[in-house]
Amino acid sequence: MCAAALEEYCGSIFGNASYLKRPDPDLPLCVEQTVLVWIPLCFLWLCAPWHLLAFCQSANVNTQPLSKLYICKQLVVSLLFLTAIAHLGVTLGEDFGPNSDQSSKNAGVYYANPVLFAVTWIVVLLCHEGLRREGAIDSASLFLFWLLLVVCDIFPFQTLLREALRLGEVPDVPRFSLFYISFGLELIALALSTVADIPPEAKDFIKKNPEAGAPFLSRITFNWLNSMVLKGYKQPLVQEDMWDLNESDSTAFINERFQHFMKPELDAARVRFQNKMKKKSAKTRDSAQEDPQLSSGLGKGEERGKTEDEKKKKDNKEEENYPSSWLITTIYKTFKRILIETVCFKLLQDVLTFVSPQLLKLMISFTQDKSRYAWEGYLYAVLLMVVALLQSLTLQQYFQRCHVLGMKVRTALMAAVYKKALVVSNDTRKESTVGEMVNLMSADAQRFNDVTTSIHLLWSCPLQIIISIVFLWLELGPSVLAGLGVMVLIIPTNALIATKARKLQIENMKFKDKRMKIMNEILNGIKILKLYAWEPSFQKQVEDIRGEELKVMKKFAYLHSFSILTSCCIPALVSLATFAIFVSVSKDNVLTAEKAFTSISLFNILRAPLAMLPMLIASVVQTAVSKKRLEKFLAGEDIDSDIVRQDPSFNTAVSVCDGSFAWEKDAKPLLKDVNLDIEPGRLVAVVGAVGSGKSSLMSALLGEMHSTKGFINIRGSLAFVPQQAWIQNATLKDNILFGSPHEEENFKKVIQACALAPDLELLPGGDLTEIGEKGINLSGGQKQRVSLARAVYSQADIYLLDDPLSAVDSHVGKHLFENVIGPNGILKNKTRILVTHGISFLPYVDKIVVLENGVISEVGSYENLRASGGAFSKFLDTYAKEQSNQGNSETDEGQDAEDFELIRDGDGAQPDGASEDTVSLTLEREDSIRRSQRNVSVRLRKNTSVKKSENADEPQKGQKLIEKETMETGQVKLAVFLQYLRAMGWGYSAMVFLIYFIQTAAFTGQNLWLSDWTGDSVEYYNTTYPSWKRDTRVGVFGALGVAQGLFVFLGTLLLANASINASRILHSRLLNNILRVPMVFFDTTPIGRVINRFAKDIFTIDEAIPASLRSCLLCLMSVLGTVFVICLVTPFFAIVIIPLALIYFFVQRFYIATSRQLRRLDSVSRSPIYSHFGETVSGLSVIRAYKHQERFLKHNEVTIDENLKSIYLRIVSDRWLAIRLEFVGNLVVFFAALFAVISRDSIDSNVVGLSVSYALNVTQTLNWLVMTTSALETNIVAVERVNEYTQLKNEADWVTDTRPPHMWPEAGRVQFENFKVRYRPELDLVLHGITCDIDSTEKIGIVGRTGAGKSSLTNCLFRIIEAAEGRILIDDVDISTIGLHDLRNRLTIIPQDPVLFSGSLRMNLDPFDKFSDEEIWRVLELSHLKSYVSGLQEGLQHKVAEGGENLSVGQRQLLCLARALLRKSRILILDEATAAVDLETDNLIQNTIRKEFSDCTVLTIAHRLHSIMDSSRVMVLDAGKILEFDSPSNLLEKEGHFYAMAKDAGITLESNTHS
């Protein structure tokens, strides 16, 4: 019916089989005039409305001048419009012209088609204009329209030509010429549509981001990346080469969307959670009464003591105590659009996957039937190629989007974690250490990234499995159910493995966290470990945890190899079961080539989803763990912003009404019933003993504590100077400006007032000097002054100063008080609250608040309090004597910054700066290290005042402190691979290789056997199939299949053992070496960088390398097997192999060069994200006090963006490669099919099936091969990075052959003989030939201005730095001849900053368990800690928090004293620690030392002279030389350097003799 109507419409035959049943087939004219015309036109008309929308939005008319390309496009279409009109004219002329034949009119199609085309061309003209208005650079739909049109026009093109050639003339000249003209124009239009129309103003933007200017064709083939790949091939890429991100990929954009969806989801989850908790509250109340510890905040410490079942209870409780299951929905809502796009691509690709086997089936039946025309074979070959091409294109689009989605999810999570960290309450902060938070950002976000890339397989795998089964049923009937049964049986085993794996994974994460925590502490306290010679103890701790971790990993690897066994055996077992049942069910069922190879290629399709599902489920399981961790952290409580009100109606600047404050929600309040009113513009001092709650009061005012009752009101903005200065890794200027705009005048004023001017003169880059992490190249005093300057510069209304004067010298303190804080300072009109121990300042303040045990005991002016005879006057009387001794020198209290410097700034005029040639080399955490530069600077001052001005313009190389992270470039050296293989063990490596080789042989053998088996169907055609033959066939087939699985299993087991071996060796080498590296390394390397080696790189070695090594081997073998089989079948194919291999090789070399660099850039640009995060968390209170959260968020976004640039390009480079390789693979398929057609007379159909089904598989395998080799190359970079740190130069041996006598040093005599030292070979001397004798039991005080070399002296005694010349003898033993541990174990030091490690108190005192508990209690008693420790629930086993956070600074200092008492050697070095404690603790320490160390030689590095006035002799150092060395009284009489210093401190000969 339909055909008849069409034939009438065309005036010719529509369908006729005779057109195709001949050697040179053709389509009927009517088909060409109707169907082939309508296809492209329908497509265009469907797409056109989108482009025409631009006309509706009249607002954005593009007023740019028309581009040349636009004019060309419109011109071509206008010409086409003219040809359509001409077509119509010809028809009209023929029908109604003067010489028209009335009897035969033209058919309807000759009128309809020209009209259709004319309308279409007008639509295209409008589409072009619409695109121009939108500002689009090209259009995918128009390109596809032109492509369709040209393809459809090829048929009439050859029909007309063949017709003309047959007749020897052109029958219808006008239409003939018009068709060819329009065909030419269509080709031109197609060419034009592949070019992007870039407006001139976008040119610059497109230089920075070529993707934005890439036309459709370039986008689907990723051609726009070519320039980057080429650049990467020529030279290693650097961060500056990276292109800008698209707006929608930037952190800011993603984060905004994510937060927008997260808020409602999280609120809903909180409501659900509260409802759940209400139901449970009754139960919880009961259990809380039974076990009060669960509700206390000490949960962490107690865990260990509990029995197992209690612990389990706690774990279950863990699960419930936060709002859950909101993260996934948030992610889904945020990225809905990409998810839907990927679904479409994946669906299309899955459908296309199943077209190939059907084509293969046709191909085989074609080769079997020799009577069929050759063109059918060629058609199938071309179709196979086209389907494969389409499949490649859709697959790559799908992958590209999935990976970008993964990247975006990771970014959203990282940004969310960072944002949360800025507002997190103290409770939540306590639950997760900095290390754990960084882990959330790195490991957990990465897990999400990995899972999102493959999330669609959750529905796609089952879909593929179902479709394959349907097709298999059509081939083999019900016997497929046998195969299906095997699959179903395997599923529960896999599920079992997955749950077990999950448990192991959680366990593994615990060990990882634990190990990273200890590593973090080791690296932060490495100086202390070296001084105490405690490295072995900590090394053992880490090795033990690592051992546990590896045990878990081994279990995991075994499980994994088991699941690989199942996934490898499945295809073999399934095909075995299916074929065996198929042939044994009935005698008529004979396995033909067609059936067997179609089934095999279907089984091959099955292989991927079946292998992927268990892996996917495992990774989903791992991600579930991460999801919990993230949900717990992100749903944690925010800091309560309502604790501090900002009510302007109050007339006080600060009011606290009846406030009680605690650090944790349910804990006892630390500050009780606080009532305090402070008028604007007043200076209020807060005093009290150690631990009376002074710093807590500051925190309460900042809103950092929980308020149990009462409220705080603050009128105006805050500035905060914490007790431990928080310095950022930025320039000095940035640290002071802290985000405020730069005003030169104000800046200079602040610098002067804060006594920083002299420091700036000496710093190599002035105020542009870069400060290292945690301010390691500034002394404690400088850090404190920078912190103060930051506060002053911020011009706030209220200043909270938490003891800023403790870390500086007395006269500097005086200067700061006079010029900044005091009644005449810069801040005289501001409200100032000053925590202090410096009695001398108290008379000048407006009001004094006295704290006792968290209660305000007195408030009033100095005079009133003095007179009242209360706590305050007692406090003063205790120290009155001290004070008269010292005059006003006493302002030095508390500091416990981690890198607290050993210097006090002598006169503020010579800070620890460095001259321009040295700083770049010195990044010393060691104050003393600055000596080297200081004497240089002194010299500079004298001789070369001119030199300074000459160099002022060129940036000095000293401004950069931290060396840039080295990044290997170029190819990963073979040596690195060999190192890894050596770590695995050569025997293992060879075995693994051999076993995988045998496995491939078994696989190939199985398929050759099958192809032989299908030959039987021809041999036994129409006869009965002997059963013995059937059984042999099935048996051998099965045996080979099982052998494959077993070999893979064996190989994987061996590989697992080998790689864990390698992991163990590489980690212990790294750890071993890092602990033996000289101190100078840690001073020049940010801790984050070392941590990165232990975290990211070890993780890669543990998990990623073994996996990529395995897949690499399997792929390589599989590719070799495939090539072997195809060549065996069609020897012709060998000709094509060489050019294909060449293309393949070049593409891969190009790609690997770029990809490797991009991955290295990725890992290098990751470090700053984590270091910035760590820095932020440690400075939270400061950032919050200044209300700078927004600025830090912005900075975090910029840092993540830098990292995303390389990640994004890396994702695209993977796709760039895959598209090109798949093209090579598609050519392999094409040629395999083509040669099969060409030589179909000489080969069997069963072999053709084998060759083509193998070829179909090769595309994917080739792709995987490059992916896995480059992944392996990339991952092996981790081995390279770890090795870099295992080859760092070590310090001297810990123990040597020459060991000192057992009791050495007995006398404790120390002799320096012409001792010279420098920090590094290229630097100047720090000590210039020190020569002195110190007798047994002498008490020596060492004094000198900042930078005189005081601390270098102690560093030399401990050989932290080695002598350049001369030697030190202790009891006549030259210390450079014995081992470092022999030396360090026999000396005792009380360092300036008390560093504690997390673990028990006992471990902190005696990590090697050398001493009995009695001895430990004895030293605790001597160091006045006994009452405190015995009051703790767990006594000596009390858990110390990370960095000793749960002890006060004074207590930490007393613990360090206890350490010294425990070791009690004949020589004690006291790096005057008294700066960090109040006078009370100071007195305790001094008295204990005098009494307990009376028979020892004591060297005291003094920062305050009064403490060494009773020493036997005083050594005055300056610029690394001894100026004076005599008893204090003699030196005072001499009136030399010492006398001048004593006079500054208010000590005179008289006062000295009185005391």
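Including glycine, each Cβ sits where the backbone N, Cα and C put it.
Please treat TrEMBL annotations as automatic predictions, because they have not gone through curation.
What you see is a predicted model, and the numbers here were worked out from it, not measured in a lab.
The transmembrane segment annotation in TrEMBL covers 35-56, 68-90, 140-158, 178-198, 377-399, 457-474, 480-499, 556-585, 605-625, 983-1003, 1034-1056, 1217-1238 (among others). As annotated by TrEMBL, region 'Disordered' applies to 279-319. Taken from TrEMBL, the feature compositional bias 'Basic and acidic residues' covers 300-319. The domain 'ABC transmembrane type-1' feature in TrEMBL is assigned to 343-622, 990-1274. Annotation comment: TrEMBL describes 654-878, 1310-1544 as domain 'ABC transporter'.
Beyond the ends of the transmembrane segment (480-499), by six or more residues, the same chain brings 465, 469, 472-473, 559, 562-563, 566, 570, 573-575, 577-578, 580-581, 610, 613-614, 617-618, 621 to within a C-beta distance below 8 angstroms of the stretch.
Listed as Cβ neighbours of the transmembrane segment (983-1003) (distance under 8 Å, sequence separation of 6 or more from its ends, same chain) are residues 1040-1041, 1043-1044, 1047-1048, 1050-1051, 1054-1055, 1057-1059, 1061-1062, 1065-1066, 1113-1114, 1117-1118, 1120-1121. Using a Cβ-Cβ cut-off under 8 Å and counting only residues 6 or more beyond its ends in the same chain, the transmembrane segment (377-399) has close neighbours at 220-222, 342, 345-346, 348-349, 352-353, 355-356, 359-360, 362-363, 366-367, 453, 456, 1214-1215, 1218-1219, 1222-1223, 1225-1227, 1229-1230, 1233-1234, 1236-1237, 1240, 1252, 1256, 1259. Mean predicted confidence for the domain 'ABC transporter' (654-878): the pLDDT average there is 86. Long-range contacts of the transmembrane segment (68-90) within its own chain (CB-CB distance under 8 A, at least 6 residues past either end) are made by residues 110-111, 113-115, 117-118, 121-122, 124-125, 128, 132, 174-175, 178, 181-182, 185-186, 188-189, 192-193, 195, 197.
Long-range contacts of the transmembrane segment (1034-1056) within its own chain (CB-CB distance under 8 A, at least 6 residues past either end) are made by residues 554, 557-558, 560-562, 564-565, 568-569, 572-573, 575-576, 579-580, 583-584, 988, 991-992, 995-996, 998-999, 1002-1003, 1005-1006, 1009-1010, 1013, 1106, 1109-1110, 1113-1114. Among residues of the same chain six or more beyond the transmembrane segment (457-474), those with a C-beta under 8 A of the stretch's C-beta atoms are 346-347, 350, 353-354, 357-358, 480, 483-484, 487, 578, 598-599, 602-603, 605-606, 608-610, 612-613, 616, 620.
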